[in-house]
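Below is one structure, written out as structure tokens; comments come after it.
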Amino acid sequence: MAGLSLEHPWAFAFGLLGNIISFTSLLAPIPTFYRIFKSKSTEGFQSVPYVVALFSAMLWIFYALVKTGEGLLITINAAGCVIETVYIVMYLVYAPTKAKIFTAKIVLLLNIASFGLILLLTLFAFHGETRVVSLGWICVGFSVCVFVAPLSIIGRVIKTKSVEYMPFSLSLTLTLSAVVWFLYGLLIKDK
């Protein structure tokens, strides 16, 4: 509960700042999706960063609920689930059939099957503090995937020698977000 407590003002401040920066990260793809909407095509954009971000947000909500007292994590990740779902649906509307099938497969594999497996394993295989710590490390691992996911387009960047499809604003805000949430974790003594 240290994150929401005014007894720990620095932790609260970094948690609030983490929410604000994370929210800007969630909004960073708006120009991309505006472009997709206007052209009625996903062009060279990939769905992977949005599917992985949705999965990460789902995991962080689960972690916050298991740990209890982590309202700052719940608020931003609930917003993340809604916003990422909108992005994925919009991607599916304008994607070619092959990209739709690929996206549907990774949503089913990652956001349904993998999340369900993690949920069941952590609820039945671990108890007490071990559950919180195990789930925390799983969340950290997938958070790293969120930061790396925008690089899924790197092959196209190299091939075309253009960063047109490389979401710089997303990469920047994700990096700032990672630093702030890391500091928040240090301040509440949560690795």
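Please read every residue number as a count from 1 along the shown chain.
Note: Cβ is positioned from N, Cα and C throughout, glycine not excepted.
Per TrEMBL, the features are:
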type     : residues : note
TRANSMEM : 12-36    : transmembrane segment
TRANSMEM : 48-66    : transmembrane segment
TRANSMEM : 72-94    : transmembrane segment
TRANSMEM : 106-126  : transmembrane segment
TRANSMEM : 132-153  : transmembrane segment
TRANSMEM : 165-187  : transmembrane segment
When you check the transmembrane segment (106-126) against the transmembrane segment (12-36), do you get at least 3 Cβ pairs under 8 Å, counting only pairs 6 or more apart in sequence?
no
As a test: from 12-36, 48-66, 165-187, pick the stretch that has the greatest number of Cβ pairs under 8 Å with the transmembrane segment (72-94).
48-66
